[in-house]
């Protein structure tokens with residue numbers, strides 16, 4: 001009787017908060033497991049500290065100076081522009097998968113999208129954002 | 001659709017013209033022509049001449065109310081760009097870009113006035129906000145401008161995150177992003193059937209969305225960003241942010257809750273135990289209290305206007321409490337009244353050397369025209385009869401009284417309107433009854449004076465005939 005009731009309510013059940021219980025359980029387990037592992041390994045593992053072991057390791061080269069030094073703002077500009085055009089490429093993946101089913105409509109729309117990006121590229125070039133020497 | 005696409009295109013046109021047009025004087029003319037074309041295109045669409053019919057798959061819905069709001073927003077932007085064009089040119093080197101960003105903000109506002117899907121709400125909010133973060137920090141060498149920009153960016157993106165979480169919870173609760181379903185039988189679709197059922201997830205989501213939107217319109221207790229950011233950013237962009245953008249956020253706000261009220265009944269809300277009207281009345285009273293009381297103690301007029309914009313947001317929130325036809329009409333009136341007056345006040349303020357109250361001393365003697373216009377703007381903001389501000393407040397209060405049972409909110413509103421008279425009149429007092437010399441940072445041209453007087457006349461004429469604005473909503 002009860003089980004048939006549940007079966008009938010199954011399509012509607014998706015909206016109840018209780019159906020998120022497995023996710024909550026998984027979160028609890030994930031956090032608990034990681035915390036336990038860190039705690040137990042810190043407790044059981046042997047600790048032999050030497051100066052060499054505590055030093056920063058950067059691929060064998062001895063470190064010198066602080067990493068937090070001011071650097072040219074141009075690096076950031078280039079990095080940001082790279083992200084912009086890199087994300088553009090990511091949008092091509094879903095298009096490539098649906099290339100045939102979208103046919104010409106999809107082609108025109110992706111052309112519009114690339115066109116807008118090209119306008120941005122022209123703007124960047126004209127504003128000399130990629131000019132390295134001043 | 002006309003307005004959304006054209007505003008994006010004009011934004012790109014401004015961007016390219018800043019790269020190719022060498023003459024810096026030309027930008028404002030290009031922008032003004034673009035804005036006027038935008039206005040014409042939107043009016044054409046209002047009278048069913050949509051040039052571009054792109055299928056939006058029910059993501060956008062163009063109602064008369066939203067389109068008419070677009071018209072008002074564009075008209076206010078034209079007024080803004082005409083009145084403070086010189087100041088925009090003085091902000092920095094990237095004049096073309098400032099206009100481009102203004103066009104992009106408008107694009108976001110047009111989406112917000114016509115969304116029918118919570119995703120479009122999110123996209124609209126983002127398109128509206130991100131250019132503003134840049135405009136806030138437009139004065140690059142100024143530390144206060146930089147600080148304001150960073151604060152606005154951090155807090156704005158945080159509140160957008162809260163809004164997005166709310167949208168996710170609403171989706172979890174109803175299985176649907178759409179506000180209204182068109183063209184399909186709701187009862188047969190699972191999503192439609194669920195839409196009618198209130199769940200706790202749904203309500204929790206709506207409260208988070210409410211939080212995010214309250215931040216965008218600077219309603220208490222989410223108003224703390226407003227004074228610092230309005231004070232720090234260049235005065236021209238403050239006036240743009242405090243008027244047109246805030247109105248856009250309000251349109252999104254009222255659209256969401258008006259449609260939601262049609263979809264769900266009071267009984268359903270009562271089962272969950274959320275009294276939205278009570279929630280809104282608490283927000284209104286808190287906003288009016290914080291805005292008005294802090295505005296009294298300000299010595300800088302710019303900061304006073306920032307706090308007064310919080311207080312005015314409190315009055316606009318009355319429309320969200322009542323959500324009836326009077327409230328919608330009242331919101332449109334309020335947008336016009338508040339925008340025109342604030343654009344005028346900030347336009348004159350940007351010309352002055354001293355932003356403090358003492359800086360206004362004796363303005364009536366040295367600059368009688370500007371003092372007259374300023375006085376009219378302040379009278380309208382405080383809601384004195386024969387100005388449009390009076391009718392805006394009148395419609396808001398009438399809408400609340402029509403709702404029934406919330407008389408006390410209306411009474412609190414009237415009390416705070418009286419308190420607001422105090423700090424607005426203090427400026428008029430120092431302009432007319434105190435001795436001193438007003439020093440202007442930039443010379444005032446004849447055209448500027450004429451435009452100031454025209455704006456004052458608009459306020460008085462609309463105050464005499466407020467129906468002029470509302471008639472266009474229906475005819």
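FYI, residue positions are counted from 1 along the chain as it appears here.
Positions of Cβ are set from backbone N, Cα and C atoms, glycine also.
Unlike curated entries, TrEMBL annotations are predicted automatically.
Feature annotation from TrEMBL assigns transmembrane segment to B:62-83 (among others). Here the transmembrane segment (B:62-83) has Cβ contacts under 8 Å with residues 1, 3, 28, 31-32, 35-36, 38-39, 42-43, 45-46, 50, 99, 102, 106, 109-110, 113-114, 239-240, 243-244, 247-248, 251, 255, 328, 332, 335-336, 339-340, 343-344, 347, 448, 451-452, 455, 469, 472-474 of the same chain, all six or more residues outside its ends.
Summarising the annotation, TrEMBL assigns transmembrane segment to B:95-112 (among others).
The domain 'NADH:quinone oxidoreductase/Mrp antiporter transmembrane' annotation in TrEMBL covers B:116-419.
Marked as transmembrane segment by TrEMBL: B:118-138 (among others).
The transmembrane segment annotation in TrEMBL covers B:150-171 (among others). Residues 118-119, 121-122, 125-126, 129, 132-133, 136-137, 177, 201-202, 204-213, 215-216, 222, 225, 228-229, 232-233 of the same chain sit 6 or more residues outside the transmembrane segment (B:150-171) yet have a Cβ under 8 Å from a Cβ within it.
TrEMBL lists B:203-224 (among others) with the feature transmembrane segment.
Annotation source TrEMBL lists transmembrane segment at B:236-258 (among others).
Taken from TrEMBL, the feature transmembrane segment covers B:278-297 (among others).
Among residues of the same chain six or more beyond the transmembrane segment (B:304-324), those with a C-beta under 8 A of the stretch's C-beta atoms are 217-220, 223, 226-227, 230-231, 238, 242, 246, 250, 253-254, 257-258, 261, 277, 280-281, 283-284, 287-288, 290-292, 294-295, 298, 330-331, 334-335, 338, 342, 345-346, 349, 357, 381, 392-393, 396-397, 399-400, 402-403, 406, 409-410, 413, 416-417, 420, 423-424, 427. The annotation transmembrane segment is assigned in TrEMBL to B:304-324 (among others).
As annotated by TrEMBL, transmembrane segment applies to B:330-350 (among others).
As annotated by TrEMBL, transmembrane segment applies to B:371-394 (among others). Sequence-remote contacts of a segment are chain residues at least 6 beyond its ends whose Cβ falls under 8 Å from one of its Cβ atoms, and for the transmembrane segment (B:371-394) they are 308, 312, 315, 330, 333-334, 336-338, 340-342, 344-345, 348, 360, 363-364, 413, 417, 420-421, 424-425, 427-428, 431-432, 452-453, 455-456, 458-460, 462-464, 466.
For B:406-429 (among others), the entry in TrEMBL reads transmembrane segment.
Same-chain residues lying 6+ beyond the ends of the transmembrane segment (B:450-474) with a Cβ under 8 Å from its Cβ atoms: 64-65, 68, 71-72, 79, 82-83, 329, 332-333, 336-337, 340-341, 343-344, 347-348, 369-370, 372-373, 376-377, 380, 385-391. The transmembrane segment annotation in TrEMBL covers B:450-474 (among others).
When Cβ-Cβ distances under 8 Å to the transmembrane segment (B:95-112) are tallied for each of B:203-224, B:236-258, B:278-297, B:406-429, the top count falls to B:236-258.
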